[in-house]
Amino acid sequence: MHPVINFSHVTKEYPLYHHIGSGIKDLIFHPKRAFQLLKGRKYLAIEDVSFTVGKGEAVALIGRNGAGKSTSLGLVAGVIKPTKGTVTTEGRVASMLELGGGFHPELTGRENIYLNATLLGLRRKEVQQRMERIIEFSELGEFIDEPIRVYSSGMLAKLGFSVISQVEPDILIIDEVLAVGDIAFQAKCIQTIRDFKKRGVTILFVSHNMSDVEKICDRVIWIENHRLREVGSAERIIELYKQAMA
């Protein structure tokens, strides 16, 4: 199977800072004085992780909170760069990494559809042609013309996934943003992801819901303590993970 995601010996580090200022005025007027880089101190998000994902595969990243799953998705999506190693992808990548990502809080849901869909590679005419399908999928009703600053987290998830549902990516990347939606909408999203898979779209996503992983995924990548622990079939890795978490 031809790999369309190649994650090769990737390490991502972030510098650590500590607060040495005396109060909020220092933060506003003297930010350089208020924060000081802890020389030599870094946070290691992931370390020497390698994996590939083949064209048309559905793969889940699992692991404890803070293990490095979301960092890995961000690297594949291209929103962050590795400290070491290389990350390459082939084709159009559509990602939903955080609630409200790619949206402007002062714009309405409808206006944000134009904004987000454009960021995902659709032309304005294509957005217009798909607008009603996006709105119908979102189930937001009259709220579609309200500014999204009044939206709940569940409504933001609905809007974001509704746009994703109408793009035509080669690679679909989803962090665990679906967990905030209602059960019926979650089921609709899972079915949409399965439909993407049937059409040959490559899927990489993070989930703590092993039932969803089993429904969608061919393989699972288990990240533990910022390193790759296991890669294998969904059934085998999920069983190992459940045993480790027990």
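Heads up, the Cβ atoms here are built off N, Cα and C, so glycines get one too.
The ATP binding site annotation in Swiss-Prot covers Gly63, Arg64, Asn65, Gly66, Ala67, Gly68, Lys69, Ser70 and rests on sequence analysis. Look at Swiss-Prot and you will find 22-246 tagged as domain 'ABC transporter', backed by sequence analysis.
A simple way to gauge crowding: the CB of Gly68 (ATP binding site) has 24 other CB atoms within 10 angstroms, across all the protein chains here. Take the CB of Asn65 (ATP binding site) and look out to 10 A: across all protein chains shown you find 7 other CB atoms. Shown in sequence order, Lys69, Trp222, Ile223, Glu224, Arg229 are the residues of the chain, 6+ apart in sequence, with a C-beta less than 8 angstroms from the C-beta of Gly63 (ATP binding site). Looking at the domain 'ABC transporter' (22-246) alone, the prediction's average pLDDT is 89. Most Cβ neighbours within 10 Å among the binding-site residues Arg64, Lys69: this distinction goes to Lys69. In sequence order, Ile223 are the residues of the same chain, not among Gly63, Arg64, Asn65, Gly66, Ala67, Gly68, Lys69, Ser70, whose CB sits within 8 A of the CB centroid for the ATP site.
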